[in-house]
Structure formats: C-alpha cells, structure tokens
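Take a look at the structure below.
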Amino acid sequence: MDVHDLTRAPPEYLEVVWVTDVCKLVMAVGWLSNYIGMIAKSIKEQTYSMALMPLCCNFAWEFTYFFIYPYKVPMERNIHTLAFLLNCGVMYTAVRYGAREWGHAPLVQRNLPVIFVVCIACWVSAHVAFAEQYGPSLAQAVSGFACQILLSAGGTCQLLCRGHSRGASYKLWLARFMGSFALILPNMLRYKYWRDDHQYIGSPLYIWFLGMFLFLDGSYGFVLWYVRRHEREQVLVAKPKVQ
C-alpha cells in the first residue's frame, strides 16, 4: 500500500514534502514514546494503560496495515514495523495485568484473553472490509482517525470509571497528543497543494474528526488532573490527625 504516491504529486507539494517528513518523524517519536511508556507504566503499576476497546481497535489497525496492506514507502514501513512490535508489548501487558482492573465484573475478569482475541478479530475484519470497500489508502487514513477518536474517548472514560490514575500520566498523554497532532499540518499541506488526491481532508467528516480529537484529547488532560486531585484529597482524609 502506498498511501502517498509521490510520483502523482504536483511540483508545489514536492517543494514542501520535507515538512511532511519532519512531521512524520515527530509523529513517530510521539507514538513510539507513548507505547514504550505504556509498557513501562503497566509493568510498574501492574495495570494496563489503554482502554480495552480502543486498544483492540488500534492493535487491529496496526495488524491490518502491517500484514495485509503493508506500506511501500521505506520510512513509513519502518515506523509502522516499530509501532506494531511495541503495540504487541502493550497488548501483552493488557492481557497480563488486565484482570486486576475487573474485580467488579467477574465474567470479564475470567475471560479477558478471550475477549481480547474476539475483539481484535472483529476489528481486523472491520478494517479489512473498509479497505476493500474504499481502497487501502483512503481506508487507512479514515479508519486511523476513527481509532484516534475511540482512543481519546475511551481513555477519558477509563479514567472516570476507574476513579484512579494508575496506568496514566501526563507524559503518556502529551506523547500521544503530540504524535497525533503532528499529522494535522501534513494533511493541510496535502489539501492545499495536492487536493485532487486528498479531497477528503476538506470534508465535513474530517473536520468533525479533527474537532473531536482536539476536544476529547484536551479533555483527557483536565480529567487526569481532576482524578489526581481527588486521589490527593483521599490520601489527606485517610491520614490520622495529630492530636
């Protein structure tokens, strides 16, 4: 799969393509740092960082565009290879420690590995169906946006439902946000200089995706601050008062 075939690119875009390459590297640093940080955080605190359903959707997306519709551009292929391998580590920690977070739901707790397998299989089938319907290039981009929205919403909901910040940190949030935010400028440049092949970037759906990403991921930072403030208050309440 060649997401952005530069042989089709107009000269105006080729003049600024270096900007998109720099942004891709920023994206890679952000997301790879996020994956490494999630693995380390999960092992240290014996939990998992990414919400269950977004994790399965994201892993399925990585799997689909690593094995079934692989990238042809060397830089993108190498970045995606590292991302997939690290995502395997994220998935391992989720399976290894996930049951600790589901004591309130014994059915889920006992069957978590099966739930992960079924969810990943379902999401892979969805990504493949979308790619076959609309073509891998467009499907890769649009389904990637959908993964991001699900991840942003799922992360915020996970914080609210758990009521604690184990598995979460400002560094993980900022790395993820930076990695995704870095792709906005390349999309703007493609829409401005290479519009024929990137009409979807100016569509109402893409604008909605962008707005929801900024709102949901921005909200995550506020919710994390609120949860941590509540944790500090609980610690103070639990401390015995000195007579």
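Going from the start of the chain as shown, residues are counted 1 onward.
Just so it is clear, glycine is given a Cβ too, placed from its N, Cα and C backbone atoms.
According to Swiss-Prot, the transmembrane segment annotation covers 16-36, 50-70, 79-99, 112-132, 141-161, 172-189, 207-227, on the basis of sequence analysis.
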Result, the transmembrane segment (16-36) in contact with the transmembrane segment (79-99) (3+ CB pairs under 8 Å): yes
Per Cβ pairs under 8 Å, the stretch of 16-36, 112-132, 141-161, 172-189, 207-227 packing most closely against the transmembrane segment (50-70): 112-132
Distant-in-sequence neighbours of the transmembrane segment (207-227), which means Cβ under 8 A and at least six residues beyond its ends: 145-146, 148-149, 152-153, 155-156, 159-160, 163-165, 168-170, 173, 176-177, 180, 184
Sequence-remote partners of the transmembrane segment (172-189) [C-beta within less than 8 Å, at least six residues beyond its ends]: 13, 16, 19-20, 23-24, 26-31, 33-34, 37-38, 41, 49, 148, 151, 155, 198, 201, 206, 210, 213, 217, 220-221, 224
